[in-house]
Amino acid sequence: MADYDYDVLVIGAGPGGYVAAIRAAQLGLKTACAEGRETLGGTCLNVGCIPSKAMLHASEYFEAAAGGAMAAMGIKVTPELDLGTMHGQRKDAVKGLTGGIEFLFKKNKVDWLKGYAQFTGKDSVEVAGKTYRAKNIIIATGSSVTPLPGVAVDNDKGVIVDSTGALELAKVPGHMVVIGGGVIGLELGSVWRRLGAKVTVVEFLDQILPGMDGDVRKEANKIFKKQGMDFKLKTKVTGAEVKGKKAVLTLEPAAGGDAETLEADVVLVSIGRCPNTDGLALDKAGLTTNQRGQIETDHDFRTAVDGIWAIGDVVPGPMLAHKAEDEGIACAENIAGLTGIVNHDVIPSVVYTWPEIAGVGLTEEQAVEKAGGEKGDVKVGKFPMLANSRAKTNHEPDGFVKVIADAKSDRVLGVWIIAVPAGTMIAQAAQAMEFGATSEDIAYTCHAHPTHSEAIKEAAMAVTGKPIHI
Ligand code: FAD
Ligand code: NAI
């Protein structure tokens, strides 16, 4: 490697990039990671997964105290919101975890090249005025908020914000309008609703949470409505005007029609994210992006240019931290000559609302379509959380587990859960699917009692029509 500075140079230190860098170094490769942010960890640790969960968790406690759930269990408290402290614990969580990655880089001898990288050739990049040559370059530059024309985000003003601004609001808005009924809108909308805001979600499609199972989307909408969120479905925002400390939005039916206005103290723009490739000078490396701005790779994460690899939010697939991490590990292993594989058919996804919403594998609609549109080729078992002893005892009756299996082989094709700990429960379903389990395998696996997970066993039993508790 005489004239290379590194065996592996990773661009971006998010869950994809930092994990790839650590795994490459563990495998004995001389590794560097370029990151322009002041701290490592990417979107996820700095402004995504971690700070949002810190606010979700804290606001759950607040609502349990303020909303009467604690009083119902004999704990009477009158909570007072100290938003400064709540933000403080969020920042502490971020600081602790991003600092932890810096420690892991040092421990594994990964060089952090501080600055934004851009290609100067197919095996070289420039970072902070210095050029580095690497035998392998992994692009892990992640994604950024998709802008909405006519609705300009200004996180500093705090009136029209994106997810980063919505994590940091200095006070609870009177009325928050969320544009986009996807994961970010529902999670961050839930945070501020629990803390006292009236929340209206404006969604372009006829239902929230696109991509999820149809039953789940309907049930989730019902639950969030019951919690007090307002929904304007089949509606698009065509413009926004900031007047002092308020925003006035113009809305129209998605299919066209009369416009109406809606006033908000805070508007959250959460209509999706797009891959970060601007500023990389991809042309210098001979790379292009597809129509969606993503970098295409093969199954091993190789791009069209030999020696350049790509992983995480910048490549096609769900924009999820665990997917990026697994791709990071597999990509580093492939570079080291091992066989790194990610099973993209079994990537769980979780919405961290109350209750949580989780899924893995196919939706019922996808399973039926894959079976050639024949409903009879797919078997479905459902079990309501209301009939699960632990959920009932904990006063958590909302939701269900749905197991979708192939009618002939009984192999599990997908599992969907709405339950308070759905994010934890879904791991079992993912593992079962990874091992090629049938619904009968799950139904005959002993589950501890009383746990929410018993609902997965009963839903699996329901696939062949024999649950015990309903
Ligand atoms: P990123 O985490 O985006 O990291 C890319 C890094 O590359 C960034 O730090 C960026 O500064 C750096 N970079 C970009 N260009 C360059 C360059 N030219 N040179 C050097 N560095 C560069 N996912 C989940 O699975 N669970 C969750 O709970 C979850 N919650 C989320 C909440 C919010 C509010 C948001 C916004 C996202 C959330 N996500 C969640 C999604 C998750 O954050 C992303 O899927 C994940 O971070 C993608 O990882 P990545 O490594 O591909 O990219
Ligand atoms: P999203 O893709 O989840 O949802 C965007 C929503 O906005 C969709 O329902 C879409 O129909 C709607 N929309 C699009 N244009 C619109 C318009 N003009 N007007 C009204 N509605 C419109 O995107 P979101 O919530 O921004 O999240 C981005 C990514 O971040 C997601 O891909 C998600 O995977 C990731 N993420 C993951 C989390 C998790 O795993 N818990 C948490 C937060 C984000």
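Cβ atoms are placed via backbone N, Cα and C, with glycine included.
Straight from TrEMBL, the features:
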| type | residues | note |
| --- | --- | --- |
| DOMAIN | 6-328 | domain 'FAD/NAD(P)-binding' |
| DISULFID | CYS44-CYS49 | disulfide bond |
| BINDING | LYS53, THR141, GLY142, SER143, ASP313, MET319, LEU320, ALA321, HIS322 | FAD binding site |
| BINDING | GLY180, GLY181, GLY182, VAL183, ILE184, GLY185, LEU186, GLU187, GLU203, GLY272 | NAD(+) binding site |
| DOMAIN | 347-460 | domain 'Pyridine nucleotide-disulphide oxidoreductase dimerisation' |
Across all chains shown, how many C-beta atoms besides its own are within 10 angstroms of the C-beta of ILE184 (NAD(+) binding site)? 23
Can you break down the domain 'Pyridine nucleotide-disulphide oxidoreductase dimerisation' (347-460) into helix, strand and coil residue counts using DSSP? 43 helix, 33 strand, 38 coil
Show, in sequence order, which residues other than GLY180, GLY181, GLY182, VAL183, ILE184, GLY185, LEU186, GLU187, GLU203, GLY272 on the same chain lie with their Cβ within 8 Å of the centre of the Cβ atoms of the NAD(+) site. VAL178, GLY189, VAL201, ILE208, LEU209, SER270, ILE271
From CYS44, GLY180, GLY182, ILE184, LEU186: recorded positions whose CA lies within 10 A of LEU320 (FAD binding site): CYS44
Cβ-Cβ neighbours of GLU203 (NAD(+) binding site) (radius 10 Å): 25
So which binding-site residues out of GLY180, GLY182, LEU186, GLU203 are up against ligand 1, CB under 6 A? none
Among LYS53, THR141, GLY142, SER143, ASP313, MET319, LEU320, ALA321, HIS322, recorded FAD binders, what is the largest CA to CA distance in Å? 22
Rounded to the nearest Å, what's the C-alpha distance separating GLU203 (NAD(+) binding site) and CYS49 (disulfide bond)? Just drop the number here, would you? 22
Give, as a single whole number between 0 and 100, the mean pLDDT over the domain 'Pyridine nucleotide-disulphide oxidoreductase dimerisation' (347-460). 97
